[in-house]
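Undergrad: Dropping a structure here in structure tokens format, bear with me for questions.
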Amino acid sequence: MAPSLEAEPESVASVLANPQKPQLVAPEPEHCPGPESQQAGTADSCAGCPNQAICATAPKGPDPDIPLITARLSGVKHKILILSGKGGVGKSTFTSLLAHAFATNAEQTVGVMDTDICGPSIPKMLGVEGETIHVSSTGWSPAWAMDNLAVMSIQFMLPNRDDAIIWRGPKKNGLIKQFLKDVEWGDLDFLLVDTPPGTSDEHLSVNTYLKKSGIDGAVMVTTPQEVSLLDVRKEIDFCRKAGIKVLGLVENMSGFVCPKCTHESEIFKATTGGGRKLAEEMGIAFLGSVPLDPRIGMACDYGESFFDSFPDSPACRALKGVVKGLATEMGLDPEVVMPEEDDA
């Protein structure tokens, strides 16, 4: 009798779950990422290895670290990505402001993960630039900017704060995985992930590693000019292709607040309708416009909370409106996320 070409369902599942190890022509070198890993054949340590071509074309099994990441982040209720298509629109500044906004409620615990590997600015803005990473039997301990605000960044690992990080993609991806797998985040109400501009390896890695544990969505940051909106359209397209919900769009630097009289005037003209019109065109929520206040830069330079230092600023009131709009988009009670009694 001719053998059947149909495999048993259980054996098929077993093969998919346990792919065969590729036949190597040389022993695995030191620092090898593993012949079955997602980085096999592409990592920096693979350069010059006789097995590189074999590993690069071999079938890849599921990443064994994904379940560990999911378990590590099981105590995190909400995960939010902060994205911008263009650099210089104030994305990291907005991340720090959003973190302080959430942390104004003492009942909430907030974490910020800085994945802008080559330009880590979050520690400076949150006042923990001089901190270092402490390693214990339970993992890496984040730095605490406040009793309820934790921070993790590559800045804590640099011997000198002005050292440049010159890394290729696989090494960046490895560090992001460590931030998720090895950092003892504990129980958090919100984990904010600050990302670099564009759609690079860092964005793909964060999406891959967090997909199983669940991402609430992404907040887009732009300025009113069309040159910024052009890149935001690409970023929104990236999110839709990657299966990431876009929670809303924030228009930063929408005006200028005079520090003397607090009058607001327009500097960057919304030549094509600005963020509000783009949000309508793309079918996403418009969370609000935040004016440019020089005191925001001052608060970030000193690592202080803008909300505590300048509660009467129009920018402060606008940011609180953005936070409440974001809470609504996430299905949360805005008055619980940012209680009314905390308003100026």
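Note that Cβ sites are derived from N, Cα and C of the backbone, with glycine treated the same way.
Pulled the feature table from Swiss-Prot, pasting it below:
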type: REGION; residues: 19-43; note: region 'Disordered'
type: BINDING; residues: CYS32, CYS46, CYS49, CYS55; note: [4Fe-4S] cluster 1 binding site
type: BINDING; residues: GLY85, LYS86, GLY87, GLY88, VAL89, GLY90, LYS91, SER92; note: ATP binding site
type: BINDING; residues: CYS258, CYS261; note: [4Fe-4S] cluster 2 binding site
Undergrad: What's the most sparsely packed of the binding-site residues CYS46, CYS55, VAL89, counting other C-beta atoms within 10 A?
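TA: Counting other Cβ atoms within 10 Å of each of the binding-site residues CYS46, CYS55, VAL89 gives the minimum at CYS46.
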Undergrad: When you measure from the Cβ of LYS91 (ATP binding site), which residues in the chain that are at least 6 apart have a Cβ under 8 Å away?
TA: ILE82, LEU83, SER84, ASP194, THR195, PRO197, VAL221
Undergrad: At the Cα level, what's the spacing in Å between SER92 (ATP binding site) and CYS46 ([4Fe-4S] cluster 1 binding site), rounded?
TA: 33
Undergrad: Can you tell me the CA-to-CA distance separating GLY88 (ATP binding site) and CYS258 ([4Fe-4S] cluster 2 binding site), as a whole number of Å?
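TA: Just about 21 Å between their Cα atoms.
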Undergrad: Of these binding-site residues, GLY88, GLY90, which scores lowest on Cβ atoms within 10 Å?
TA: GLY88
Undergrad: In the structure shown, which of the binding-site residues CYS32, CYS49, CYS258, CYS261 has the fewest other Cβ atoms within 10 Å?
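TA: Checked CYS32, CYS49, CYS258, CYS261; of these binding-site residues, fewest Cβ neighbours within 10 Å: CYS261.
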Undergrad: Name, in the order they occur in the sequence, the residues of the same chain whose CB lies under 8 A from the CB of GLY85 (ATP binding site) and which sit 6 or more residues away.
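TA: Result: PRO197, GLY198, THR199, MET220, THR222, SER228, LEU230, ASP231, VAL232, ARG233, LYS234, GLU235.
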Undergrad: Across all chains shown, how many C-beta atoms besides its own are within 10 angstroms of the C-beta of GLY87 (ATP binding site)?
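TA: GLY87 (ATP binding site): 14 neighbouring Cβ atoms within 10 Å.
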Undergrad: An 8 Å radius from the center of the CYS32, CYS46, CYS49, CYS55 Cβ atoms defines the neighbourhood of the [4Fe-4S] cluster 1 site; name the other residues of that chain inside it, in order.
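TA: Other same-chain residues with Cβ inside the cutoff are GLU28, PRO29, PRO33, PRO35, ALA40, GLY41, ALA43, SER45, ASN51, GLN52.
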Undergrad: Around LYS86 (ATP binding site), which residues of its chain at least 6 apart sit with Cβ under 8 Å of its Cβ?
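TA: Correct list: PRO197, THR222, THR223, VAL227, SER228, LEU230, ASP231, VAL232.
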Undergrad: In whole Å, how far does the CA atom of CYS49 ([4Fe-4S] cluster 1 binding site) lie from that of GLY87 (ATP binding site)?
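TA: It is 37 Å, counting Cα to Cα.
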